[in-house]
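Asker: From Swiss-Prot, for reference:
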SIGNAL    1-31  signal peptide
DISULFID  CYS38-CYS53  disulfide bond
DOMAIN    67-219  domain 'Cupin type-1'
CARBOHYD  ASN80  N-linked glycosylation site
CARBOHYD  ASN83  N-linked glycosylation site
BINDING   HIS116, HIS118, GLU123, HIS165  Mn(2+) binding site
Amino acid sequence: MEHSFKTITAGVVFVVLLLQQAPVLIRATDADPLQDFCVADLDSKVTVNGHACKPASAAGDEFLFSSKIATGGDVNANPNGSNVTELDVAEWPGVNTLGVSMNRVDFAPGGTNPPHVHPRATEVGIVLRGELLVGIIGTLDMGNRYYSKVVRAGETFVIPRGLMHFQFNVGKTEATMVVSFNSQNPGIVFVPLTLFGSNPPIPTPVLVKALRVDTGVVELLKSKFTGGY
């Protein structure tokens, strides 16, 4: 009985210690800031994991505010029928070191934000208008499970860091969503463009073997992405 009690006690202590570390494990992907703000000097030649700071005296109030995503772009500007207005550190230097960024995405009817991955951030989004099919694909060890739901205006969704996902406008009118990331530079890997539009190209035999299709199919798909996104 005494041995069993000691075993249970040790287990409880282990769980408590693990929970105490939880905030460290789930904190933002970017490093914590060491000052109130560090407005990115995008012209600096200093190489760091992020951007060097402008002198505080050179940073006006405007670095705290942006109207860039107040309006969207042309949804017919590319074959996907969508337009992404980015608000990461390159577009909003004030978020440098703060571990946040945003995007606005507008969709034509039938438009899509193709399957892609954000390797450095979790994504949280809200649909402002229209209705979007949001799809998320789990990892291989989770059985490649596909999760999806039609998300309507005022509803939200979350994309775990690194998982493949997409959005598709299933409505008859244009749709808009705004998403935020826990990184100033979440990165993006578009799956179709990565496979068939890389620079230099992935060797065709590799894709033929991996996708289990004929050479002609791979060459056709490559021809669709020669101009990029």
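Glycine is no exception: its Cβ is also placed from the backbone N, Cα and C atoms.
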Asker: For CYS53 (disulfide bond), identify the closest of the recorded positions ASN80, ASN83, GLU123, HIS165, judging by Cα separation.
Answerer: GLU123
Asker: If one looks at the chain holding HIS116 (Mn(2+) binding site), which residues at least 6 apart in sequence have a CB under 8 angstroms from its CB?
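Answerer: The answer is MET164, HIS165, PHE166, ILE188, VAL189, PHE190, VAL191.
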Asker: Check the DSSP secondary structure of CYS38 (disulfide bond), expressed as helix, strand or coil.
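Answerer: The residue in question, CYS38 (disulfide bond), is coil (DSSP, three-state).
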Asker: What average pLDDT is reported by the model for the domain 'Cupin type-1' (67-219)?
Answerer: 96
Asker: Could you tell me which of these binding-site residues, HIS118, HIS165, has the greatest number of Cβ atoms within 10 Å of its own Cβ?
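Answerer: Of the binding-site residues HIS118, HIS165, the most buried by Cβ count within 10 Å is HIS118.
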Asker: Could you round the CA separation between ASN83 (N-linked glycosylation site) and CYS38 (disulfide bond) to a whole angstrom and send it over?
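Answerer: Approximately 29 Å lies between the Cα of ASN83 (N-linked glycosylation site) and that of CYS38 (disulfide bond).
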